[in-house]
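Taken from TrEMBL as is:
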DOMAIN    C:14-161  domain 'Aspartate/ornithine carbamoyltransferase carbamoyl-P binding'
BINDING   C:Arg65, C:Thr66, C:Arg115, C:His149, C:Gln152, C:Gly278, C:Pro279  carbamoyl phosphate binding site
BINDING   C:Lys93, C:Arg182, C:Arg237  L-aspartate binding site
DOMAIN    C:169-314  domain 'Aspartate/ornithine carbamoyltransferase Asp/Orn-binding'
Amino acid sequence: MNEQLLHLRNAHLIDPKNGLDACLDLFIVDGRIAAIGQPPTGFAAERQIDAKGLIACPGLVDLSTRLGGIETELAAAVAGGVTSLACPPDTKPPLDEPGLVERLVRRSETLGLARVYPIGALTQQLAGEKLAEMNSLTRAGCIGFSQAKHPIVDTQLLLRAMQYAATFGYKVRLRPQDQFLAREGVAHDGEVASRLGLTGIPVSAETVAIATALQLAAQTNVRLHLSRLSSAAGVALIRTARHAGMPVSCDVSIHHLHLSEMDIGYFDSNARFDPPLRASSDRDALRVAVRDGLAAICSDHTPVDADGKQLPFAEALPGASGLELLLPLTLLWAKQAKLPLVLALARITCDPAAILGIEAGSLAIGSAADICLFDPDESWRVTPEALRSQGKNTPFLGYEVSGRTRMTLVGGRIVFEA
Amino acid sequence: MTSPDAEAQCAQLAELIRPRLRPDTVLVGIHSGGAWVARRLREILELRNEIGLIDVSFYRDDYGARGLHARVRPSSIPFDVEGRPLILVDDVLYTGRTTRAAINELFDYGRPASIQLAVLADRGRRQLPICADFCPWKVDLDPALELVLSTDASGRLQWSLAENAHA
Amino acid sequence: MRNPQLNANGELTHLLSTEGLPREVINHILDTASSFLKVSHRDVKKVPLLRGKSVFNVFFENSTRTRTTFEIAAKRLSADVINLDVTRSSTAKGETLLDTVDNLVAMHADMFVVRHAASGAPHLIADHLRRLGRNDVHVVNAGDGRHAHPTQGLLDMYTIRHYKQDFNNLVVAIVGDILHSRVARSDIHALTTLGAAEVRAIGPQTLLPTAMDKMGLRVCHDLRTGLRDCDVVIMLRLQNERMNGALLPSAREYFHCYGLTPAMLALAKPDAIVMHPGPMNRGVEIDSDVADGPQAVILPQVTFGIAVRMAVMGILAGN
């Protein structure tokens, strides 16, 4: 469907970027937001959408989505209201070749669903030994560089990688986890792991890595983003760095915002995450960090098939399907933390857009009409059938959640409609 | 129905057994009612031999349906069964299944010379070809009822009727 | 959260861990075990309880010793015992754990005795059987990773009850590699449920899990302090691979600091008993004079172990 002139009526517009929180009409011309409130002169809608009772916010921006089957996962993205997403480089093969990046970009553009922003590999093959061709990868479409789950162990090489990235102003994203301290670990080194006999990953695995990254970032002036924070101590380190004026950003997965080690229960492999779910006090600190705007929220979407999860806990693959739960779980957090929607939605729209450095996450006049239209009160049950993603793996299976995407627009085109 | 005096029945049962006693005869009581009766008989008959006690839980044929729930007490056969004349003692003879289980268990201790069966009450309605050698009381009761032997506060044996939990 | 070991009637249907076992269930197992102990003293050491039932010993991790104890127990219950050596062979062919289970269920297994290197593997199997609706198939955990070895835990409780009768005033010291020990975890949960007055965990920090206080333990790093006035000493086996530098400098130094010698044992109560899940490393965690001494009850543990496993299988198969 390709509507040139669209009139969105009666929606409750929430645009955290511009502080908009009101019931106003929105007008789209040629894929861009042309006006809010009063129609532009001479506007004659080709299609009117009555959005009474619904909230229209900027399309969600996700900091990390593993695609797997690109077609189904991008369909899952728009079904979850996500219109822009960053794809980490640990694809098979890894995103360390400009050709691979171009192909991914082209493929996603052809599909015309959510916009895909590849994150390039910081080192060749993600092996942590040789620098990747960051400049060529950027020209091919990469908007930053990371090692995904494969840390650079050699601190000298990490320093060099940051220096090289800083040369061109590229953003470096790191998942802070010291691989020696986390060796063989599968759960938070705490009460539950001790009880269940699971190998623990201490909080120090995260803090040591954060401290290292911050020191090297300070030395190189690289733009640093730390992904998937899991601990209160990690949050404290970043808070201190930010107070000292360092331009470091970070994110928290939506799952870590809600769950703790207790949710492992009797070895529920759907609660296996990397980094691990930590103590409830850690979760509380993550919630404060997100509330304060220190961290953005990320779906950390990781589809895993049944074979990868129906294994003993330590052998199961980590991660959860997150794209379609990002919105409802963010709304749930806002409700529990008694936060206004305009603040909560910022964490999944304009904040991640700013971190990625992309033009998205806003309803400003003239910006691309990437819009998520949702019913905040419609509840639905999380079942394998209800999820469009190939990944049916989520610890929220069977839960009743509130907030359902009713329509998603990308560049003014309706790409999802329920 | 007014229940007969169980203690008096024990005395009657002892007199039925007395003429048939041999010097090496031993009594084996089935937990728990049969064990009480066997102890009474030993006193009345002034037997010197220790009595044996068995719990047939591990030999029951309704294990598949009922499992192992009731408290199992250890069987104790403090004598050599081989070649001995045994008198198996129970409180109530009914379907015969408990007796069957008890005989099977006894044979796992050895090959006795003979086994006779002494019971206080015989409810009839047998499901196996088993009969009592010594029994002072034959009674026909509604299958929905369970005939229960217990001990009162002073330790005297008494009969009562209860709804059959497994009927 | 639903207790995965109990069925809808609250009866024991799997034995996965001593954690979450109600006290009356533990006592029922121990009482039943004492009846089975008598059976083992008879000429015919067998009862017909599990006649016609198939017990599959599925050991994904090699342990002839443990497998044998389960085999003896099952045979004394007249079950048909099938030993499956699945150490890596089927998994190497790409068959998953649950594929193996599905195959054995199709062969009409009534009970699985499972040993696996990964914590939680028996839970996964029990959960799978529940989803298949096969509540007539039972799982006994014969040791999963570092998590649990519940029959060992229960036989330890049987042993303690046998020698000490009552748990209420008992001080129990568990010494050694608690971090990697499924036996220790099973003992700790059972002791807590049975109301032991104090359970002490003794060992160097490298061999103790974190947050032990949350499990209700008193942590001692010094063996002398830990043994003082205790009633029961449970020594744990130190695996060879832990002795070589990463967690401990050497077996020699370990014995010097944490080995149970007669002099150390003298700090405990005079009637204290010494237990060990076997096999022992003489001269590493325990001195031969203690292992063979009057306070050691290590061989009775083995005897009780058969009876306890018979009780567990007898109770499970009937539920």
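Cβ coordinates are placed from backbone N, Cα and C, and glycine is handled just like the others.
Not measured: the values here are computed from a predicted model.
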Check: same-chain CB within 8 A of carbamoyl phosphate site center, minus C:Arg65, C:Thr66, C:Arg115, C:His149, C:Gln152, C:Gly278, C:Pro279: C:Ser63, C:Thr69, C:Ala142, C:Gly143, C:Val183, C:Pro277
C:Thr66, C:His149, C:Gln152, C:Arg182, C:Gly278: the binding-site residues whose Cβ falls under 8 Å from a chain A Cβ: C:Arg182
Fewest Cβ neighbours within 10 Å, where candidates are the binding-site residues C:His149, C:Arg182: C:Arg182
Among C:Arg115, C:Arg237 [binding-site residues], residue with fewest other Cβ within 10 Å: C:Arg237
Residues in the domain 'Aspartate/ornithine carbamoyltransferase Asp/Orn-binding' (C:169-314) grouped by DSSP into helix, strand and remaining coil: 61 helix, 24 strand, 61 coil
Cβ-based isolation winner (fewest other Cβ atoms within 10 Å) among the binding-site residues C:Thr66, C:Gln152: C:Thr66
Pairwise Cα distance maximum in Å, carbamoyl phosphate-binding residues per record: C:Arg65, C:Thr66, C:Arg115, C:His149, C:Gln152, C:Gly278, C:Pro279: 17
Which same-chain residues, if any, lie at least 6 apart from C:Pro279 (carbamoyl phosphate binding site) yet have Cβ under 8 Å of it: C:Arg65, C:Arg237
Cα separation, C:Arg182 (L-aspartate binding site) to C:Arg115 (carbamoyl phosphate binding site) (Å, whole number): 12
Pairwise Cα distance for C:Gly278 (carbamoyl phosphate binding site)/C:Arg182 (L-aspartate binding site) [Å, integer]: 13
Site with most surrounding Cβ atoms, counting all protein chains shown within 10 Å, from the binding-site residues C:Arg65, C:Gly278: C:Gly278
C:His149 (carbamoyl phosphate binding site) in three-state DSSP notation: coil
Taken over the domain 'Aspartate/ornithine carbamoyltransferase Asp/Orn-binding' (C:169-314), the model's mean pLDDT: 95
Collapsed DSSP category at C:Arg115 (carbamoyl phosphate binding site): strand
Separation of alpha carbons, C:Arg182 (L-aspartate binding site) and C:Thr66 (carbamoyl phosphate binding site) (Å): 14
Cα distance (Å, whole number) from C:Arg182 (L-aspartate binding site) to C:His149 (carbamoyl phosphate binding site): 5
Residue counts (helix, strand, coil, in that order) that DSSP gives for the domain 'Aspartate/ornithine carbamoyltransferase carbamoyl-P binding' (C:14-161): 68 helix, 27 strand, 53 coil
